[in-house]
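Participant: Input: one structure, supplied below.
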Amino acid sequence: MRIQSLLLLGALLAVGSQLPAVFGRKKGEKSGGCPPDDGPCLLSVPDQCVEDSQCPLTRKCCYRACFRQCVPRVSVKLGSCPEDQLRCLSPMNHLCHKDSDCSGKKRCCHSACGRDCRDPARG
């Protein structure tokens, strides 16, 4: 009986760890991600939206140029970008702008010196 209880507990933990991936979006949040925000803050503008449900069908409420606005969503691959512990001494150089610029399962991630394609972090 004890072994069955441990197996059941293990199965529940395994299934529970996958729930955020399936049910991780908030109500009203659209699939996809926000495009990168490289623009400097030029002036203070009020937010055009607070959440995705305030945007037309194919747009998401994203932070861009220092305020939230409805922008076309971009596809996002599974996994998260690894942390970068380095500091850049040269000007930033972007080798990608969005996940779809990268081959296979690689993600377009911020690095010390710009964005580049990297394998997702294991976690």
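Numbers run from 1 along the shown chain.
The backbone N, Cα and C atoms fix where each Cβ goes, glycine too.
Checked Swiss-Prot, it gives:
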DISULFID  CYS34-CYS62  disulfide bond
DISULFID  CYS41-CYS66  disulfide bond
DISULFID  CYS49-CYS61  disulfide bond
DISULFID  CYS55-CYS70  disulfide bond
DISULFID  CYS81-CYS109  disulfide bond
DISULFID  CYS88-CYS113  disulfide bond
DISULFID  CYS96-CYS108  disulfide bond
DISULFID  CYS102-CYS117  disulfide bond
DOMAIN    27-73  domain 'WAP 1'
DOMAIN    74-121  domain 'WAP 2'
SIGNAL    1-24  signal peptide
Participant: Over the span of the domain 'WAP 1' (27-73), count residues by DSSP class, listing helix, strand and coil in order.
Facilitator: 3 helix, 13 strand, 31 coil
Participant: For the domain 'WAP 1' (27-73), what's the model's average pLDDT?
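Facilitator: Here the predicted model's pLDDT, averaged over the domain 'WAP 1' (27-73), is 85.
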Participant: Hey, does DSSP put CYS108 (disulfide bond) in a helix, a strand, or just coil?
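Facilitator: Reduced to three states, the DSSP call for CYS108 (disulfide bond) is strand.
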Participant: Given CYS70 (disulfide bond) and CYS62 (disulfide bond), what distance in Å do their CA atoms have, once rounded to a whole number?
Facilitator: 6
Participant: Quick one: what's DSSP say for CYS117 (disulfide bond), helix, strand or coil?
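Facilitator: DSSP assigns CYS117 (disulfide bond) to strand.
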Participant: Checking your reading of the structure: which of the disulfide-bonded residues CYS49, CYS61, CYS102, CYS117 lie inside a 10 Å Cα sphere centred on CYS55 (disulfide bond)?
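Facilitator: Hits: CYS49, CYS61.
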